[in-house]
Amino acid sequence: MEETEKKVATQEGRFFSKMKVFLMSLTCAYLAKSLSGVYMNSMLTQIERQFGIPTSVVGFITGSFEIGNLLLIVFVSYFGRKLHRPIIIGVGCVVMGLGCFLMASPHFLMGRYKYETTISPTSNLSSNSFLCIENRTQTLKPTQDPTECVKEIKSLMWIYVLIGNTMRGIGETPIMPLGISYIEDFAKSENSPLYIGILEMGKIVGPIIGLLLGSFFARVYVDIGSVNTDDLTITPTDTRWVGAWWIGFLVCAGVNILTSIPFFFFPKTLPKKELQDNVDVTKYEKVEKHRERAKKENLGITKDFLPFMKSLCCNPIYMLFSLTSVLQINGFASTFTFLPKYLEQQYGKSTSEAVFLIGVYSLPPVCLGYLISGFIMKKFKITVKKAAYIAFGLSLSEYFIFLCNYLLTCDNFPVAGLTTSYKGVQHPLYGEKNVLADCNTRCSCLTDTWDPVCGDNGLAYMSACLAGCEKSVGTGTNMVFQNCSCIGSSGNSSAVLGLCKKGPECDNKLQYFLIKSVFSSFIFSLAAIPGYMVLLRCVKSEEKSIGVGLHAFFIRLLAGIPAPVYFGALIDRTCLHWGTLKCGQPGACRMYDINRFRHIYLGLPAAVRGSSFLPAVFILILMRKFHFPGDIHSPDTELAEMKLTEKESECTDVCRSPKVENDGELKTKL
């Protein structure tokens, strides 16, 4: 008897050891994948400037991750549990690491980054061609030499980033469903929620680290170590600045590959914990039979795929909920993807500052909201109908808070000839042909080069030449231009490099915007779990696996992939001045019409999300006609539920993993 107890204790210790190591490994994988995804989103502006591509192409690169997910989601959902799950997870981590490395590779293939400028960074001679000189020919034109134009093909290197991001999507697909199903199958049932909660912590810590990395590397110049940064004439707030985006992807690649190593040493199966608590043979056989029935039911799902699909498509609540989710995610995905760009253009912040502010003000409220929401749902045993009303009310409240962003706006940067007249008067927006004025027509300036300077009159000019400056002193970012005829009639009017900063009133509005973001993020996270509860309860038990997978498929196909593309294309239409490549072709946008940008950035998500409340209202109406588990409390009902407990538990074991595998779909796009 004592030997048996010792044997059981030894087996139990081994089980705990293996399960704990697997849990720790899976948590690290969660952290690595969320770290990579959030870092990617934080570096979109840097990638846009590095390759000189429009925002619509950046949106396509973002959507390529969802494309990679779609390529394997069906295979993983229905056949992944038959294979060696830990090894598949390990391979997925390796693929993610290789994808991140591929995304960083263009930096080593393209050579040094050269931003458009007319200024010689080391010269302080007043005879430099970037100054106002009368009666000269324009020699500083975009290069039309065929050899130089061939070199510009390097801008197509963004395709490497596209393919790498697709690989990241492919590699991430098996981690969540197979990892959670492995825990659900071999961990003690009462410990599963704790283990899943630990995994969620990995998903929370990853984005925080990703945003901190993004904020740090956005401040580091892209060619750090290869150029003398003291000679640069741009700063991190300049729209031509490109941070060291590639270093972060190398970090992500290393982290993902390191996290893959433990998974190759785990067995295909572990002994079920319940069996070690009791060595009774009868119970062992009973559990084994139960497991066999679960496997048969799981295989039946694939055989009954078409009937289940037909049943789901004929389920009005399910289809309306999917429509609501698609509309909501269209708005959220677009807003979050281009939030750093909005903060840069609207409030004059650098990419580094914008990413840091997002991490500080958005993520902590989301984490707190998930914890409080989960506690309330469990503590008060909220029914599915009440959950639907709670989700609707909270979402509507968050929507009205979102609309308040229209009150927290700033004016365009004052740039002579683009947003104001040369006298500083706000005027209907100018075109490129209006950048010339009486004060600079004698200078023979280029009108398409973006090399902004800020005059001491508070007005910015597209270049020192267009400001009428005749002299310069200093080098690098400390260069000062003097005798600028467009700035003032006095001989000592001057200008410095860069756009003029926005006033303190704009900084105050940014603070209000961030405070509002705290409440908005918190309320949204409160609504996510009740909403997801509606999804799980509106379908039959045997349809939950396909139902959750199909719901995720709808979101990726109709929101995750197209939303960044069409949203980016609309943002491109608000550009006031495009950068210029060597062959004279347009590059990345240097300045936007912030008023039109704001209408697109805030108006389109407001319209899309506003329309989502219409199908949500129909869901509430339809739910009154149906009865869901927990809605009716009576002794007869409780007795009937007790008798059906064993039957329902079999279905639950089959469907439990798919319930959780897409738990993040409605929560956040971080």
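From the backbone N, Cα and C atoms, a Cβ is placed for every residue, glycine too.
Quick caveat, the model's predicted, so the values are computed rather than measured.
For C469 (disulfide bond), the same-chain residues lying six or more positions away in sequence with a CB closer than 8 A to its CB are L131, C132, V453, F481, Q482, N483, C484, S485, I487, S494, A495. Annotation note: C469 (disulfide bond) sits in a coil segment as assigned by DSSP. As annotated by Swiss-Prot, disulfide bond applies to C439-C469 (among others).
The disulfide bond annotation in Swiss-Prot covers C445-C465 (among others) and is backed by sequence analysis.
C486 (disulfide bond) falls within neither a helix nor a strand when secondary structure is assigned with DSSP, and so counts as coil. For C454-C486 (among others), the entry in Swiss-Prot reads disulfide bond.
According to Swiss-Prot, the domain 'Kazal-like' annotation covers 433-488.
Annotated phosphoserine per Swiss-Prot: S634, in sequence order.
If you look up Swiss-Prot, you'll see 41-59 (among others) marked as topological domain 'Extracellular', on the strength of sequence analysis. Under DSSP, residues within the topological domain 'Extracellular' (41-59) fall into helix, strand and coil as 15 helix, 0 strand, 4 coil.
If you look up Swiss-Prot, you'll see 81-86 (among others) marked as topological domain 'Cytoplasmic'. Mapped onto DSSP helix, strand and coil, the topological domain 'Cytoplasmic' (81-86) counts 4 helix, 0 strand, 2 coil.
Annotation source Swiss-Prot lists topological domain 'Extracellular' at 112-155 (among others).
Sequence annotations record features per position, and here Swiss-Prot assigns topological domain 'Cytoplasmic' to 185-203 (among others) based on sequence analysis.
Across the range of the topological domain 'Extracellular' (225-242), the DSSP-based residue counts are 3 helix, 1 strand, 14 coil. Look at Swiss-Prot and you will find 225-242 (among others) tagged as topological domain 'Extracellular', backed by sequence analysis.
Annotation comment: Swiss-Prot describes 268-311 (among others) as topological domain 'Cytoplasmic', evidence class sequence analysis.
Residues 41-42, 44-46, 55, 59, 62, 214-216, 218-219, 235-237, 239, 241, 243, 409-410, 413, 499, 501-502, 506-507, 509-510, 513, 563-564, 567-568, 571, 591-592, 594, 597-598, 601, 604-605, 669-670 of the same chain sit 6 or more residues outside the topological domain 'Extracellular' (334-353) yet have a Cβ under 8 Å from a Cβ within it. For 334-353 (among others), the entry in Swiss-Prot reads topological domain 'Extracellular'.
According to Swiss-Prot, the topological domain 'Cytoplasmic' annotation covers 378-381 (among others). Model confidence over the topological domain 'Cytoplasmic' (378-381) is summarised by a mean pLDDT of 79.
Taken from Swiss-Prot, the feature topological domain 'Extracellular' covers 406-513 (among others), and the record attributes it to sequence analysis.
Look at Swiss-Prot and you will find 537-545 (among others) tagged as topological domain 'Cytoplasmic'.
If you look up Swiss-Prot, you'll see 572-605 (among others) marked as topological domain 'Extracellular', on the strength of sequence analysis.
Note on C465 (disulfide bond): other Cβ atoms within 10 Å of its Cβ, all shown chains, come to 29. By the Cβ criterion (distance under 8 Å, sequence gap of 6 or more), the transmembrane segment (514-536) is counted as touching the transmembrane segment (354-377), at least 3 such pairs being found. Proximity of the transmembrane segment (354-377) to the transmembrane segment (204-224) is established through 3 or more Cβ-Cβ distances under 8 Å for residue pairs spaced 6 or more apart. When Cα-Cα distances from C454 (disulfide bond) are compared across the disulfide-bonded residues C439, C445, C465, the shortest belongs to C465. Secondary structure of the topological domain 'Extracellular' (406-513) per DSSP (helix as H, G, I; strand as E, B; remaining residues coil): 21 helix, 19 strand, 68 coil.
Here the transmembrane segment (546-571) sits against the transmembrane segment (312-333); at least 3 CB pairs are under 8 Å, leaving out pairs fewer than 6 apart in sequence.
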